[in-house]
Amino acid sequence: MIDGGREQVSGGGTQAGSLLSIADLSLEQVSAVLQQGDALAAEAHRERVARLDGRKVALLFYESSTRTRTSFELAAKSLGAMTTLVSDKSSSIEKGESLHDTGVTLRALGAECIILRSNFSGAPEVLARSTGLPVLNAGDGMHEHPSQALLDLRTMLEWFGTEPTGLSADTLRGKVVVITGDIRHSRVARSNARLLPRLGARVILCGPVELLPEEALSLAPGLEVERDFERALRQADVAMMLRVQRERLAGLELDVNSYVRDYQLHGRRLAEFGPGALVMHPGPMVRGLEITSDVADGAQSRIERQVTHGLQVRMALLCRALGCGESAGEVRA
Amino acid sequence: MSGAVLLRGGTLLQPAEDRSFRGDVLIADGAVAAIHTGEAGALDARAKDAGAEVIDCTGLAVAPGFIDVHVHLREPGQTHKETIATGTRAAAAGGFTTVVAMPNTSPVTDSVEWLEFVMSPKRQAAVRVLAMPAVTVGSMGERLTDMAALHAAGAVGFTDDGKPVLQDEVMREALRTAGRLGVPVSQHAEDTRMTVGASMNAGPVSFRLGLRGMPVEAESSIVERDIRLLEEIERADKVRPHLHVQHVSTAKALEAIRQAKRRGLHVTCEVAPHHIALTDEAIAGDAAQRSVRYDTRFKMNPPLRSAEDRDACIAAVLDGTVDVLATDHAPHAAWEKGVEFERAPNGIVGLETALGVALRVLHREHGMAQGKVLALMTSAPAKVLGRDDLGALGVGLSADVVVFDAGASYAYDVTATASRSRNTPFDGAAMVGRVRYTVSQGRVVFRAS
């Protein structure tokens, strides 16, 4: 198992290979995952499918998801693993079965790793404790989305022309990442805000107070809050936009028009304030709300690369969770 | 005489008077038959005549049994969590000789029939069970129960515990009626319109964990509203209502209560041991201490608050704003708590850890006199309930006595609990003061092994 000997204790003895929070990974481990993702992506199909040949991976998706679910599923299958999908619409959770019992059932059926998406923050911790299996957090409530932070980092490193080797507190020194939008409800923001400052990045959170309370500063040391999007964008090397749900604006002082006016990333704004910035978005995008099509599809956007990196990062996370052969050890941290 | 007991050679504590002295206590026929102060032995002959069991209390404190104005015994309806028998055995193990049962049972204790069920000897309670039935039918907050009939049947107060009475008019009428009956309305102060979907205190910790938070104003706004109602009723009607605020957890609500007391209103309040011992940081876990994130044993309502609020609770106990300690003993089965944090029920058990936490935090860490700590658990709750026959050691009074080792320091071990549930955040926590014997109405109902 990659880096198994140096596994940090996460939340009182979680199974090595689990990834519940991005904070559980050392920078050494982050390096190892990103490098292994690259290595696996470059590997010939025949070698890759042998890595987890016949291993059993369960995807437990209690919340609708296209991108993350497909990405994890294809990652597992690319490595030769058997997958089974349990989703909220087709599962015993509808009949009131507890997460504990579902997890234990999956384990009894031979699942060796469970990938969990849940709308309850902290659900992966419950599952990890119940099953003792490695659990990969595919997004829990408003808490974290650690694999997203890893793929985002991979995309940034690529943009900056930095190799994912030997990551340190200086790797992103001097870089400014502006995360804009509904930070209150965003697990993507939480994972990124926890990871990027550890690599030396200046992280500026941007949004109206209703979607970005001051408490957000407690996510990690050194975070900044900026309410003026254009002022933030002017400093940005990376502009990470977050999805804004209309229903979350309803009931606030904000309406869609004022949000669009103040925080939308559109072509003119990007050209004037962030002409060199990398544009990212975890998806799904609401085109015309937080971002316009010209920007999403424009030359500075790497939104599709994020998706591609997602697949390789998740392959590496599955390898880390299940152990997948020594030849991948060339990227050991 | 039958079932006589001699508590010999202990240090007798009278919390109401903040006095202590060496002495012997002879118990017979359920009451305190004699108290001798001074050298041990003066009651030996009487004890022998009575065939009394002699309990050597040398080096131990002998105090009135504790009174808890806020416990959940889960019967009727939820006996997989607790029964009146098991809950009162846990009470006895914690040194409590009187507990006040909350009405959020299934069905809600809102009728004379269910009140009598709870208080019936058939429930085999180990200690005295008093009850506060619901103030509104089904605790729905809309129509008052038959408060006069319930009072005549033994109700010591009224509460929709766990559910605040939100409508001003309903609360006003409840206070007025209970005031005329001479008992308190005990209010769970939470504006539930401000806490929809929330599962912990609002603040940096809830933000980090991605959990919706309960703002402190949800508590304080109801306390402030209830105090306004008290003032209006005192002014308009010839009645002096008694508002008792349950498990206060915020500086803001405590300040409102402090001011109301200064204005002479009849407001009392309780604080729970966990709110003076813990903060919401516990829910974030601590890898160094191998504690887990989202541990549902730290989930209760009101929630664990910030360090500032915790400190305000301690300060309010020290300055007398807080009248009593109450455990809010709330048992839940392990499988009920073993779910996602947001889905887990609120509440922790507390009867067996109350003394140990109170003495550690208030006496040892904050220098409060031991007698004053005990008053919060004896004479003061008796006063809140208007029961001057309880909460004191006196000849002729019911023999409700706790014998404890005041200096004992130890780590609490929940596996020894008498409760049917084990949902405590204090498993392994440091305690000061260990109960050795509990005597309820003359019977020894607990002996430490």
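Going from the start of the chain as shown, residues are counted 1 onward.
Using N, Cα and C of the backbone, Cβ positions are placed for all residues, glycine too.
In TrEMBL, annotation is done automatically, which means it is predicted and not curated.
Keep in mind the model is a prediction, meaning the values are calculated, not measured.
As annotated by TrEMBL, active site applies to B:Asp328. According to DSSP, B:Asp328 (active site) sits in a coil region rather than a helix or strand. Using a 10 Å radius centred on the Cβ of B:Asp328 (active site) and all shown protein chains, the other Cβ atoms total 29.
According to its DSSP assignment, B:His72 (Zn(2+) 1 binding site) is coil. Positions annotated as Zn(2+) 1 binding site by TrEMBL: B:His70, B:His72, B:Asp161, B:Asp328.
Its own atom aside, the Cβ of B:His72 (Zn(2+) 1 binding site) has 26 Cβ atoms within 10 angstroms in the protein chains shown. Residues or ranges marked as substrate binding site by TrEMBL: B:His72, B:Leu73, B:Arg74, B:Asn104, B:Asn301, B:His332.
Annotated Zn(2+) 2 binding site per TrEMBL: B:Asp161, B:His188, B:His247, in sequence order. When other Cβ atoms within 10 Å of the Cβ of B:Asp161 (Zn(2+) 1 binding site) are tallied across all protein chains shown, the result is 25.
Annotation comment: TrEMBL describes B:62-231 as domain 'Dihydroorotase catalytic'.
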Q.
Measuring Cα to Cα, how many Å separate B:Leu73 (substrate binding site) from B:Asp161 (Zn(2+) 1 binding site)?
A. 13
Q. For B:His332 (substrate binding site), what is the tally of other C-beta atoms lying within 10 angstroms of its C-beta?
A. 27
Q) Which one, from the binding-site residues B:Arg74, B:His247, has the smallest tally of other C-beta atoms lying within 10 Å of its C-beta? A) B:His247
Q: Other than B:Asp161, B:His188, B:His247, which residues of the same chain sit close to Zn(2+) 2? List them in sequence order, counting a residue when its Cβ is within 8 Å of the Cβ centroid of the site.
A: B:His70, B:Met102, B:Thr159, B:Gly162, B:Ser186, B:Gln187, B:Ala189, B:Gln246, B:Asn301, B:Asp328
Q.
For the domain 'Dihydroorotase catalytic' (B:62-231), report the average pLDDT of the model, please.
A. 98
Q | recorded positions near B:His70 (Zn(2+) 1 binding site) (Cα-Cα within 10 Å), from B:His247, B:Asp328, B:His332 | A | B:His247, B:Asp328
Q: List the other residues in this chain whose Cβ sits within 8 Å of the Cβ centroid of the Zn(2+) 1 site residues B:His70, B:His72, B:Asp161, B:Asp328, in sequence order.
A: B:Val71, B:Met102, B:Asn104, B:Gly162, B:Gln246, B:His247, B:Ala326, B:Thr327, B:His329, B:Ala330
(Q) Checking your reading of the structure: which of the binding-site residues B:His72, B:Asp161, B:His247 lie inside a 10 Å Cα sphere centred on B:Asn301 (substrate binding site)? (A) B:His247
Q.
Is it possible to get the count of other C-beta atoms within 10 angstroms of the C-beta of B:Asn301 (substrate binding site)?
A. 19
Q. CA-CA, which of the recorded positions B:Arg74, B:His188, B:His247, B:Asp328, B:His332 lies nearest B:Asp161 (Zn(2+) 1 binding site)?
A. B:His188
